[in-house]
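Visitor: What follows is a single structure, and I will ask about it in a moment.
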Amino acid sequence: MLIDRFGRVHTSLRISVTDRCNLRCTYCMPAATPDYQERSEILSFEEIERFVQIAAGLGVDDVRVTGGEPLVRAELWNLMEKIVAVKGLEKVSLTTNGILLSDQLERLFAAGLRSVNVSLDALDEASFRQATRRPGLQKVLDGIDRAISIGMSVKINSIAMQGLTEFQIKAFAALTKRTGIPVRFIEFMPLDSDANWEEAKMLSGAKILDLFREQVGVLEKVEKQDSSPATDYRFVDSAGCIGIVPSVSEPFCSTCNRLRLTADGQLRSCLFGEDSGDVKSLMRSGATDEVIAEKIKTAVLEKKAGHGTDDLSFRRPSRPMYSIGG
Ligand code: SAM
Ligand code: SF4
């Protein structure tokens with residue numbers, strides 16, 4: 001098992017399959033296309049599959065594929081099929097901005113994918129463009145509807161930011177009430193590549209709850225079912241559920257069970273830390289599975305207690321979110 005010095009058992013792995021993206025969310029990417037990594041630096045599907053097999057052997061049972069935008073990686077469904085087939089995994093899921101979801105849904109479903117998180121920050125086209133610097137809201141909504149109808153489990157993640165989210169409260173309430181899909185609001189973390197994060201742009205989880213109570217109605221807390229950092233709330237008078245991920249105001253480091261693999265094959269035991277192991281070089285120089293497993297164990301053992309976003313004085317990570325894998 002992957003246990004760190006603080007007794008945290010690591011069972012969850014996030015794998016970034018690309019640093020490329022078809023949106024330019026203001027809180028994540030610069031407006032101009034950044035220098036992406038060379039294709040040769042990005043792990044192949046076979047390398048990722050091998051890594052997942054090794055990690056599963058160490059007790060990882062929950063794998064989420066992310067990016068950049070994972071669906072811009074050619075034929076991602078072939079990788080999903082390989083990951084779904086790895087023994088020992090209980091959950092395999094995908095995080096996407098949803099732009100290409102509708103086009104690829106059937107092949108992803110046929111590959112065995114059953115769970116998708118769609119990131120969606122606004123429900124009117126003007127605000128969607130404000131957040132993502134690109135058009136495409138209707139494509140995302142079509143992707144969500146088709147994902148539900150094909151039988152995928154769908155969740156929505158939404159950034160919580162001043163000047164954006166406070167105007168989306170009623171629309172998100174209507175969406176979750178209509179579809180039953182949970183909508184989770186994630187506090188804006190200091191990870192953006194333009195370094196334009198400031199506390200004033202954050203909308204705290206507590207404020208989001210107040211806005212829902214004021215504009216929509218009474219909420220009650222839902223008992224936690226899993227190790228997710230989100231706290232969910234349901235409306236007492238109707239269907240629908242919202243969640244809060246208070247990554248900045250109440251960091252969940254003490255229960256963090258996540259490990260990350262970047263698209264260029266670097267381990268990361270914490271979003272806010274540094275790269276903590278060069279898996280790509282090991283793989284490409286003929287290392288055995290045992291050596292790679294040791295590297296993973298060492299990364300977990302060396303994981304720090306927390307990232308310190310609660311005192312807002314910590315150092316930013318050396319990579320932005322699109323390059324780590326959110
Ligand atoms: N492109 C895919 C997407 O948007 O779902 C996957 C990668 S994206 C980096 C994963 C998640 O990270 C998205 O839900 C996005 O909102 C979130 N994210 C990006 N930058 C963030 C930041 N600075 N603070 C909080 N969440 C952030
Ligand atoms: Fe792309 Fe996702 Fe970052 Fe938006 S949050 S720019 S969709 S990687």
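Note that the numbers count up from 1, one per residue, in the order the chain is shown.
Here the Cβ of each residue, glycine as well, is placed from N, Cα and C on the backbone.
Taken from TrEMBL, the feature GTP binding site covers R14, R64, T95, K155, R258, L259, R260. TrEMBL lists C21, C25, C28 with the feature [4Fe-4S] cluster 1 binding site. TrEMBL lists Y27, G68, S119, M189 with the feature S-adenosyl-L-methionine binding site. The [4Fe-4S] cluster 2 binding site annotation in TrEMBL covers C253, C256, C270. Taken from TrEMBL, the feature domain 'Radical SAM core' covers 5-219.
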Visitor: Report the binding-site residues (C21, C25, G68, T95) that meet this criterion: Cβ distance to the nearest atom of ligand 2 under 6 Å. Use sequence order and write none if nothing qualifies.
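Guide: Only C21, C25, G68 meet the Cβ criterion.
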Visitor: Across all the protein chains here, work out how many other Cβ atoms are within 10 Å of the Cβ of R258 (GTP binding site).
Guide: 21
Visitor: Measuring C-alpha to C-alpha, could you say which of the binding-site residues C21, C25, C28, M189, C270 are within 10 Å of R260 (GTP binding site)?
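Guide: So far as Cα distances go, the binding-site residues lying within 10 Å of R260 (GTP binding site) are C270.
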Visitor: Let me know how many other Cβ atoms fall within 10 Å of the Cβ of Y27 (S-adenosyl-L-methionine binding site).
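Guide: Within a 10 Å radius of the Cβ of Y27 (S-adenosyl-L-methionine binding site) lie 23 other Cβ atoms.
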Visitor: Measuring C-alpha to C-alpha, could you say which of the binding-site residues C25, S119, M189, C253, C256, C270 are within 10 Å of T95 (GTP binding site)?
Guide: S119
Visitor: Do you know offhand how many angstrom separate C253 ([4Fe-4S] cluster 2 binding site) and L259 (GTP binding site) by C-alpha?
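Guide: Here the two Cα atoms are 12 Å apart.
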Visitor: Can you tell me the CA-to-CA distance separating L259 (GTP binding site) and C270 ([4Fe-4S] cluster 2 binding site), as a whole number of Å?
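Guide: Rounded to the nearest whole number, the Cα-Cα distance is 7 Å.
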Visitor: If the criterion is a C-beta within less than 6 angstroms of any ligand 1 atom, which of the binding-site residues T95, S119, K155 pass it? List them in sequence order.
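Guide: The qualifying binding-site residues are T95, S119.
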